[in-house]
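Notes to accompany the following structure.
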């Protein structure tokens, strides 16, 4: 009895170790591709590391093309949200985690800039002036933009025979009581953008506006996905609220039979611009500059909408037909400068949390 | 005598050096580094400012909310978990292996997905919407219990399984009622396991993140969500450090209390492998309670499955078919099949790491102490290895970046960092599952084996292994599931080219698109099924001969 148990235990143990060993060494399918392209490139050589947030993705074909043409091997380290990325870069300013970074937006730009995380750079193609940062424009280059706008379920409003709202102030109208759902400013990036729009509109009186909004039975939830897929009538079968805070591009995703059933209210938008930069003290600054030039190329810019749900900043880029037809961009979005955001964020969020938890 | 005690402690510390070093590098160093960021202002050590933060009324509110919701959720998990632990581990219920495997499913489901599933039920338009629970502490507690009942069932069930039934039978023969047997014989013998399970559940609840945010809305903050907010959104590292320190102090206090409660007068109660027995009429309440718990757990899962079968307002398998590619608009970073493979591979690594260290730790902390000092050392070590569960993943994650960045410890780009982080989370589960059983082995059995000429290795195989074999399987299944479902550390560290399944699901949920939500649900169902299958396979592993021991 004991003999057999010993043998069986040993067999199982060896099998388990073999399985684990197999996983440790040969497991990672990503490794071979990286090392393979390492050999294929070869002219200038070297790896360029990009730190970014979890939403980053670009077509593999374009990445291969970049590696072949430039001779660099691209290694992407994408993890966490935009706030996490900004904190990571700020904390590691003296020993950067990558060569380049992408995904710092205008609400978080001043933090890593203030910590000296970015080096100066001069891209070979200059992006339009309208997206440039007033402070730090020499270190961060705009790559894409996405505006956070109030969206309405136009099909719902048609069925109810009700005119949809147009402006931020309309949302406090009793006619729209109990119809709005928004992600929270403290927990969600679009939630923060919507909050900043209300700050831009009402200045220091924003707490009064938010009090009215909540008195009108607006619902504040954790994240965008809760609002859109949990409460929005056009996003969930169980949804009960036809007004949601989402993006200007969202109507392009509710197209059925050649027309969209939702609309973005273009007078309620706050524009988020995402930037890229070369990290100070990078191992491969030339590779980082080449990478950023590539991100400004028409091919990558045109791939942005389908890959990352954002609009390109370069005028030469094209957007998908659905986007061109159903997702117009705001012409005059609300603005709050990065410095103002940085200076007030903590106090605003504290006050905002007090207002919504009353 | 005295020098003997010192020698024993020295030997103990030597044995513990490996695991302590691992935890020191992967846990103590990063957390200390991150907390230190908050204590240093303008290059000077300034603890006063940090302590000022602790006086803020908001900090008090957040801390109290964390403690009471976690406390209630822990209590409920234990009360609901105990009957199920008994029924599923001691009674010959039909299909109990499948049910035990299924019970681990909530454990691996991504919190975002469960959160949305709960909100489909509790939300304004959901079937339970009239209860008005959406966004309340009750909803948060329900979610926490849903995730943690499995911990109680598994940890206590394993101990119950190896509990010698004879003292209970003797008591019954002497005229004790079933209730008296339970109260005076069974529960005291199970106390180490119950307290151990409860402390794990409490730590899980107190550091829960996604579920609190999704179900509680923005109105309710816990220490963990507050640390996240302060670190990433507000960048107030001072306040975050203050909360981390508060968290560590409370957790250490709690662990000390748990260690006292776990201590039983006679830990060497006999451990055997007890065969399950047939269900009898008096078992009806237990079986019914178990079925009720199962039904309650099933509802959110069913919501999920039904949701995954809805495509554009109709029933269909479209969401599942879409999983094989990268979806419309490249919504998926990788096909679900390859993400699942990555998840499984990472989980295998995390499991053997956790098991390797966990078995060592469990052995060290359960060997009989010969002096008070020795017992103290063992119990301190025991608590030390529980710490990772109670400390903020945010603090740990950022700590990795700023402390493990120089050779020879330049680990921050290592592909092993993800399994290592997951193993850190799984380690306490392994230790807590094994210690009640290992602690129950009478040292005299080992001495007897040795005096009959058995080598230490042989003693281990003939005395320890037969009793610990099944708990070890249970522990590895547990570690595997914890690793499969782990999201916090993984999403923070995961590399883009090989995302795990939870990371893929999270990304699907993060974007608009006709099918993204359905695909996220379908991918969650795939993850759940994969987990259940692996668990079933693990449960079926048997060593011939040992079962009949």
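Cβ atoms are placed via backbone N, Cα and C, with glycine included.
Beyond its flanks by at least six residues, the transmembrane segment (B:62-85) meets 103, 137, 140-141, 144-145, 148-154, 156-157, 160, 194, 197-198, 201-202, 205-206, 208, 220-224, 226, 243, 246, 250, 285-286, 289-290, 293-294 of its own chain at Cβ-Cβ distances under 8 Å. TrEMBL lists B:62-85 (among others) with the feature transmembrane segment.
Per TrEMBL, domain 'ABC transmembrane type-1' is recorded for B:63-256 (among others).
What TrEMBL lists as transmembrane segment is B:97-118 (among others).
Long-range contacts of the transmembrane segment (B:138-160) within its own chain (CB-CB distance under 8 A, at least 6 residues past either end) are made by residues 69-70, 72-74, 76-78, 80-82, 84-86, 88-90, 100, 103-104, 106-107, 111, 114-115, 118, 122, 190, 192-194, 196-198, 200-201, 204-205, 208, 211-212, 214-216, 220, 293, 296-297, 300, 429, 432-433, 436-437, 440, 470-471, 474-475, 478. As annotated by TrEMBL, transmembrane segment applies to B:138-160 (among others).
Feature annotation from TrEMBL assigns transmembrane segment to B:193-217 (among others).
Annotation comment: TrEMBL describes B:237-258 (among others) as transmembrane segment.
If you look up TrEMBL, you'll see B:286-309 (among others) marked as transmembrane segment.
Annotation comment: TrEMBL describes B:340-538 (among others) as domain 'ABC transmembrane type-1'.
For B:350-369 (among others), the entry in TrEMBL reads transmembrane segment.
Long-range contacts of the transmembrane segment (B:381-404) within its own chain (CB-CB distance under 8 A, at least 6 residues past either end) are made by residues 16, 19-20, 23, 25, 27, 29-35, 37, 199-200, 203-204, 206-207, 209, 223-224, 227-228, 231-232, 240, 243-244, 247-248, 250-252, 254-256, 258-259, 361, 364-365, 410-412, 417, 421, 424-425, 427-428, 431-432, 435, 488-489, 492-493. Residues annotated as transmembrane segment in TrEMBL: B:381-404 (among others).
According to TrEMBL, the feature transmembrane segment maps to B:416-438 (among others).
Tertiary neighbourhood of the transmembrane segment (B:473-494): same-chain residues 104, 107-112, 154, 158, 209-210, 343-344, 346-348, 350-351, 354-355, 358, 393-394, 396-397, 400, 417-419, 421-427, 429-430, 433-434, 500-503, 506, 527, 530-531, 534-535, 538-539, 541, selected by CB-CB distance under 8 Å and a gap of 6+ residues from either end. Residues or ranges marked as transmembrane segment in TrEMBL: B:473-494 (among others).
Annotation comment: TrEMBL describes B:514-538 (among others) as transmembrane segment.
Sequence-remote contacts of a segment are chain residues at least 6 beyond its ends whose Cβ falls under 8 Å from one of its Cβ atoms, and for the transmembrane segment (B:286-309) they are 80-81, 83-84, 86-88, 91, 93, 99, 103, 105-106, 109, 113-114, 117-118, 120-121, 146, 149, 279, 315-317, 319-320, 517-518, 521-522, 524-525, 528. Between the transmembrane segment (B:416-438) and the transmembrane segment (B:97-118) there are fewer than 3 Cβ pairs closer than 8 Å, counting only pairs 6 or more residues apart in sequence, which means the two stretches are not in contact.
Under 8 Å from some Cβ of the transmembrane segment (B:193-217) lie the Cβ atoms of residues 66-67, 69-71, 73-74, 77-78, 81-82, 110-112, 114-116, 118-119, 122, 134-137, 139-140, 142-144, 147-148, 151-152, 155-156, 158-160, 187, 223-225, 228, 247, 250-251, 254-255, 258, 261-262, 386, 389-393, 428-429, 432, 435-436, 487-488, all in the same chain and six or more residues away from its ends.
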